[in-house]
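Feature annotations, reproduced from Swiss-Prot:
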- His562, His566, Cys674, His678: Zn(2+) binding site (BINDING)
Amino acid sequence: MSGVNDIRSTFLDYFKKNGHEIVPSSPLVPRNDPTLMFTNAGMVQFKNVFTGLEKRPYSTATTSQKCVRAGGKHNDLDNVGYTARHLTFFEMLGNFSFGDYFKENAIELAWKLVTEGFDLPKNRLLVTVYSEDEEAATLWKKIAGFSDDKIIRISTSDNFWQMGDTGPCGPCSEIFIDQGENVWGGPPGSPEEDGDRFLEFWNLVFMQFEQTEPGVRNPLPRPSIDTGMGLERMACILQGVQSVFDTDLFRTLIGTIEDTMGVKAEGSASHRVIADHLRSSAFLIADGVLPSNEGRGYVLRRIMRRAMRHAQLLGAKEPLVYKLLPTLVQQMGRAYPELVRAEALISETLKLEENRFRKTLERGLSLLSDATTDLAKGDMLDGETAFKLYDTYGFPLDLTQDALRAREIGVDISGFTDAMQRQKAEARSHWAGSGEKATETVWFELKEKHGATEFLGYDTETAEGVVQAIVKDGAVAAEASAGDKVQIVVSQTPFYGESGGQMGDTGVISSDHGKIEISDTQKRGEGLFVHQGTVVDGVFKDGDAVVLTVDHARRSRLRANHSATHLLHEALREVLGTHVAQKGSLVAPERLRFDVSHPKPMSAEELKIVEDMANEIVLQNSPVTTRLMSVDDAIAEGAMALFGEKYGDEVRVVAMGEGVRGAKAGKPYSIELCGGTHVGATGQIGLIRVLGESAVGAGVRRIEAVTGESAREYLAEQDERVKTLAASLKVQPGEVLSRVEALMDERRKLEKELADAKRKLAMGGGQGGSVDAVREVAGVKFLGKAISGVDPKDLKGLADDGKTSIGSGVVALVGVSDDGKASAVVAVTPDLVQRYSAVDLVRIASAALGGKGGGGRPDMAQAGGPDGSKADEAIEAVAVALAG
C-alpha cells in the first residue's frame, strides 16, 4: 500500500466511505482567480464555496489536487534538485467540510486514517495547535489519547491560517511524525525545528472566524474544514526514505533517465531536476499552458530550459526530456487522464522547445564560461553579462544562477535589474509617442464618470442613446464637426466592441444635426464601448440624442463566422483529441481563423473530416441558444472555457447543434462560454469551407476558413479555375485530374530522356575542358573531365556511367555551374578501393577548386569549391595523386 498511487487511492477511498464527494483536481491554471499564477493548494477550487459565493451539490469533499510552486511568491524552482523535498509539481491530498462537520470530526477522521489506514505508529506521532485553540488540544487528548508533551502550542501565524486581510480564517493543527534519533532536528517550536527529525505531513485548518478588518474576527455561523497532506511527503514516510526523489514514482523516472543517458544518478541533482521538471512541464502543457515570453508561459519556459540545461550536463546531445514522457504517462495517466489525452501535444512541445534552445544553450554556456574564467568562489557575475545571457541567449536569470551554483559564484541581481530597466527606457525613447497612454487615462476617467456602456447588441442592431463623451486626438472635446476623426461614447449601444476574437461593429451614428460613419468599435477598460469614426456632416456635442445603426450585412457575416469557429472547435476536438484548446482567434466579416493547441500538422483527410462534421451541424439548422449562469454551473454542464479568458460572476453560455454520435448523441454539439454575437440557427451559417492550416508556434496550429457568401465566392472562383484549366487542356472539367496526371507522367519520361542525353553528351566530349577524357596513369585507367552547365546532383550518375565505360579505374569529374562555382565527384571501381580512396582524392580536387573537405564512401565521394576556373587543375591534381 506504500506506493504513490496506492496512497492516493487509500486517502480518497477512505473519505468516500465517510460520505465525501471525490472531486477531480482542478486545472493548474486557476479559473477566475487573478491573484494566483498557478493552483498551489487543494482549497483553491473551493475558495468561493468557503466564502459563500458559490453553492455545490455536496457539503463534504475530498481531492487529490495538482499543484505547482514556481513563479510568483510561491516559488520553489531554485531549490529543486538540491534539497530532499522541494518540488515544482506536487499533489495535495485534502478533505473539506463546507459548513458540515467541524473540529472534532476532522480530528477523528484524520487520526483514524493515519493510525489505521496508513498504520503509522501512535507513539511516533505528535501535533501542534494554535496557542489560543484550547478546544483542539482537548480534542486531541480525547481522540488520540495524547499527553501534554505530545501537543505543542504554537503562538505564531504558522498555526493560524487566513485567506487574506479579510475573509474566512482560523487556527491550524499540524500532525508530525518523529523519524528517530538518527535524524537531526528538534520538535516544532524548538531552536532545532528546521531539522528533519520531526516531519509535518498533514495540516488541518479550522475555519471558524471571519476577519472583517485586521484584528477584528467574528465567529462564522457555519464553520468549515480545509486540510492538506502532501502526497509525496507521505510516500517518504511510508516507504522509509528521507528524500521524495527516493520514492517509487521518482525512482522509476530517474531510472528511465539513467537508461536513456547511460549515466547513473548516484545523488545527481541533474537527474532530480529533470524528473521534477518533466512532471510540472507535462501537467502545465496538459492544462493549456504553452512556452512563451510572458506570464505563465514564461514560467513554463524557465522550468523546461532548466531541465534542458541539466540534460546537457548529463551529456545529452539531442532532445532528451520528451523521451521520458511515456514513463510519466504510464505512472500517472490513470489518476490524471488529461496526461494521456495531451500526450502527443506535450511530447511535441517539449521536443520543439529543446531543439529551439539547444543551440543558444551551447553559445550561452560558452559566453558564461568566458565571463567567469577569472571568478573565484564567492565572487559575483556582473549584471550586464547576466542580462545579455537573458536577452540574447534566452537564459532565464535563475538558469544562470543554477549554472554557477556548483562553483559558489553569485549574480549581481541589482545590476541585472538595472540593465533590464535601461533597455526598457531605451525602447521607450525610440517610441514615437502615439498618445495611447494619455488616452487610456481618458477612458478610465470616463468610466469613473459614466460607468459601463449598456450593450444591446444581442437583441437589436438599432438603438437610441445619448452622447456621453467625444474624444479627439486623445483628449475630451466639447464638440465635433464635419471631417473630424472622433471616438465617441454613448449611454447604450447595439455596436459590438472587439473582444473574444470578434471584430468590432461598423455602421452609422446619426442625429437631427448630422451623421458619423463608424469604422470600428472597441472596448476600453471594464465595459466602456468606444465608437471610432469620422463626422460626415453636422456638429455633435455631449448630451445629443443619437440613433445608432449597425451595418447589418457585415454583422450577419461576423455572426456566421463566429458560430462557425465554435463548430470547428468542437469538430477538431472530436477528430484530433480533447487536448485541442483554442489559443486565439480572429472573426472578421470575410473570413475566420483560430489557433488551437496541437503538436503536428493536420492531414488533408483530417481537415476534410472536420469540415464535414461542422457542416453536418450547419445542415441541421438547429437553434442556437444562449443562457446566463455562473462559471462553475456552466463548466459543470460541459461548457468549454477558453484558456486565458477572464470571466465575471455571471457568464453567457452559447450552445448549438445536436450531437449525433458517441457521448454527445442527443446533447448540445457545441457549448462554450462566449460573449460574442451568433446566428439564430446553425443553417444561417450557410456553408463552412476550411481553406487550410499552418503552424504559428510550438504546438499551435492555425485553422483558416470562410462561411456563407465568402464560401460561395471561394467555391465559384475554384470552379472557374477548373473550367479555365479544362479549356486549356481541351478536356471536360471532370477529366482535368486524369489529364494532368498523364501530362506529369509524360514530363517525367521526357526529363529522364533529356537527362540521359545530357549525360551521353557530357561524357562524349561535347562539353568538356582541355584535359584528355581517358588516359592511363600509373597503370590505371583515369577518366578525368570538366563539364560545364551540369547539375551537381547529376555528377554521381555521370561518374557511375564513367566507371561502367572504363571497366576498371578512377573517374574524376568537375561540374561548373553558371555562377562559376564547382562540384567535384571521384569514383573508384571496386577492384581498386584498397589502393585508392575516393574521399582522399576528392579532397585534393576540392583544394584545387578553393574549397575544403569533402566526403562520401571509399568508392564514391563528392566535394565542392568556389573557383570553377580551376576545373582542369583539379582534374590534374587527382591525376598527380594517382601517379604519386
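Cβ from N, Cα, C; glycine included.
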Which same-chain residues, if any, lie at least 6 apart from His678 (Zn(2+) binding site) yet have Cβ under 8 Å of it: Arg559, His562, Ser563, His566, Val624, Thr626, Val654, Met656
Sorted by position, what residues of the same chain at least six away from Cys674 (Zn(2+) binding site) have a C-beta under 8 A from it? Gly500, His562, His566, Arg652, Val653, Val654
Just counting, how many other CB atoms are there within 10 A of the CB of His566 (Zn(2+) binding site)? 27
If you draw a 10 Å sphere on the Cβ of His562 (Zn(2+) binding site), how many other Cβ atoms land inside? 25
Under a three-state reading of DSSP, tell me whether His678 (Zn(2+) binding site) is helix, strand or coil. coil
